[in-house]
Each structure stands twice: as C-alpha cells, then as structure tokens.
Amino acid sequence: MFSMPSRPYRSPPLSLLPLSTLKTMGGPTLGFMPPSIDMDMDMKERCSAMPTGFKSDSFINYDTEAIPENYDVEEPDFKAKTYNGTQAASDDVFDENGKQHHGIESKSGPLLSGIAYCISSCCMILLNKVVLSSYNFHAGTSLMLYQNFISVTIVITLGFFGVVTTERLTWKLIRVWVPVNLIFVCMLVTGMYSLKYINVAMVTILKNMTNILTAIGETYFFRRHQNEKVWVALFLMIVSALCGGITDLTFHAVGYMWQFMNCVFTASYSLILRSKMDTAKQLTRSGSLNEVSMVLLNNSLSLPFAVFLIILFNEWEYVYKADVIRMPIFWLVATASGFLGLAISFTSMWFLKQTGPTTYSLVGSLNKIPISIAGILLFRVPISVPNLFSIVSGLFAGIFFAKAKMS
C-alpha cells in the first residue's frame, strides 16, 4: 500500500489595498486611527501576540478601512494537510489570505470577528458623541488625553504579563516619530471637536473628503495614479458632502471648520506615515513596527503634547470647574470610550486575520450605514428629505470607492 502525495494548492494573490486615508467609528482611534470617529477614525501589522503566520508591520487607516501598500500578511506554506495519505478534510477551507481553517472555526471565526469589529467601531463614535455633546463637555483635548492614557496603561500592563510584545522606545525612534505624532495629535483633537458640533451621520459623510485629499496626495507625492472608477467615486463623495452641508438642518460653521481641518490632518497623517514607516522600522530591534508598538509609541508621545495644549488654551481651568466631572456616570462613559478605542485595534486585526484586506475594507464601508442610522435616532437629529438623500448617497459613494480601490 502506498499513499499518493498531496498536491499543493497555490495560494491566491493577496488583495493589497493602497493607503487612502483616517474610523473612523470614528475618528481618531487611539493610536492607530482616531477613535472619534469613525469611526470611522482607523488602525491598519498588529501585535506579535497574534498567531504565527500573521505578520503586520504597517498601519491600517481605520478612517477609510484602507490597507497600506506595504501591509504585509505572511503567506503560509499553502499545502493541504494529509491524514494517513488522504487529503485534508473536506470541511477545511482557505480564506482570501490563503489561511487554512477547520470546520466550525472556519464558519464562526469571520462572523464573530466581524461582529466584534463592527460593534466596537460603532460604540466608539457614539460614546464620544455622548461625552462631548450629551454631557456638554467642552474639553476635547482633555478627553483625548484620558483615552490615550488608558491605552498606554493597558498596553504596558499586557506587555508586563507577556500577553503582547512591543518594541523598545529609543530616543532615535522617538525623534523620527515626533513629526508623525504631532499630526496624530492634531488629527485626534480636531476629530473630537468636529464630533461635538456636527451630527454623527454628517461627520461620516464629510470624512469622505479625507479620501479625496489622500488620493491627490498619493498622485502628487508618490506618483500613484488612480483608476477612473476611483475618481468617479471621489466626485460622488464631493457632491454628497456639498449637498449634505447645504441641506443640513443642524449646520454649524465651527463644526464644519473643525471637520475640514480633521480631513487635512488625517490625510497628512496617512501620507507622512507612509514615508516615515521604513525609517522607523530600521531603528527597532526586530526591523518591524507592529500595531501594538505603534499604539504605545503614538499614545505615549501624545501625552506631553496634550498636556501642553491643555495648559496653552487654559482648558485645565474649565475641567477643574466643570460640574460634569463630578458625575460617576460621566467617568464610566469616558473610560468605556478609552477601552473601546483600544478594542478597535485588536478586533480589526482579528477580523482582518479571519478574512482579508478586501472583506475588511468593504465591511468597514458598510459599517458606516448603521453608525449613521444610530447617530440620527439616538441623538434625535432633525433631518430633511434632501439631507437624508445626501447622507445615503455619501454612504454608497464610500462603498463604491472601496470596491473601486479593489479593482
């Protein structure tokens, strides 16, 4: 008796999406892409505690759910397992990354990870909106400081117990990363203040403008040419944003100014990160900079900058006198938003590992739909039919943009 050797499968090419811009659930997410947001920010690369066969050295833009070009998913040895000379069990499947999963795991993994990612992303922006608007808290920089402090504390604690591995923060690495971090802080702060004055649905639509600025930056700085579908999607985003602003019954000029600045800083962060990443990697022991290390680096460096801004604009005096900080429920919500900011990072990586860049990007765009609906219903936002049409058009323009980047 003899067994036929198993025939190796060829791993399908990975769908690597170019870097666009920042979740997103918004807004800045703590350390990877602003939580404010989005949402929305974002944050494409994760921690070395991830299972072997998955390597992540780069940043994910949670604002647009786009994967940078240098995003690296290590393809495993793609050979079918054999059992007593027979090929792998029929219920073994391979995802779009070429990763083999078995039975129930292959069916429940993508679903559970996707649900976890969507829930954490939705809750992030909604909680930030509650803190800033419902509690009428006017200290966005102080909120960012508190959230980032929570992220740093959690990452250091996990590293101390060996749950995650982070790169050592050297002065050379810090000097290289300071310009990136300055833009990161500006991105977070502007995202916080825009969310305070603008309803969640319009923030989601207006953040599409970040994609336009990023596409222009990629064309100008990196000589990267976009296909026709991408430019059509970007045009639709411009139209929906303009129509949305004109028909917005809760229009606030200050809020729109903050949001425009947020788009500029988010696009700048994505572009400068791309140019600084390779230099930063060379200054680490492992030659890479995983997501957990980026969370620690970004949030640690942001703390002194945030303190400086709080003192400069005399925000500390407002915080000291604010009645809301004496409410236990306020601290509960603010702390939860800090934990969710970090949760977005890990759930997005779990989802990305279970599926792949293509599915991740598309689900990220689709996730803006329930976020917008929840924002309108929970905060009882007055809305007209033309404004609703603009919001819906902008959401579908985002989905079309994600699909265009895949082509």
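Think of each number as a place in line: the chain as shown, counted from 1.
Any Cβ shown, glycine's included, is placed from N, Cα and C.
Listed in TrEMBL for this protein:
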{"type": "DOMAIN", "residues": "117-391", "note": "domain 'Sugar phosphate transporter'"}
{"type": "TRANSMEM", "residues": "111-131", "note": "transmembrane segment"}
{"type": "TRANSMEM", "residues": "143-164", "note": "transmembrane segment"}
{"type": "TRANSMEM", "residues": "176-195", "note": "transmembrane segment"}
{"type": "TRANSMEM", "residues": "230-247", "note": "transmembrane segment"}
{"type": "TRANSMEM", "residues": "253-273", "note": "transmembrane segment"}
{"type": "TRANSMEM", "residues": "294-313", "note": "transmembrane segment"}
{"type": "TRANSMEM", "residues": "329-352", "note": "transmembrane segment"}
{"type": "TRANSMEM", "residues": "359-379", "note": "transmembrane segment"}
{"type": "TRANSMEM", "residues": "385-402", "note": "transmembrane segment"}
Here the stretch out of 143-164, 294-313, 385-402 with the most C-beta pairs under 8 Å to the transmembrane segment (359-379) is 385-402
Seg_contact(the transmembrane segment (143-164), the transmembrane segment (385-402)) with at least 3 CB pairs under 8 angstroms, min sep 6: no
Among 176-195, 294-313, 329-352, 385-402, the stretch with the most Cβ pairs under 8 Å to the transmembrane segment (230-247) is 385-402
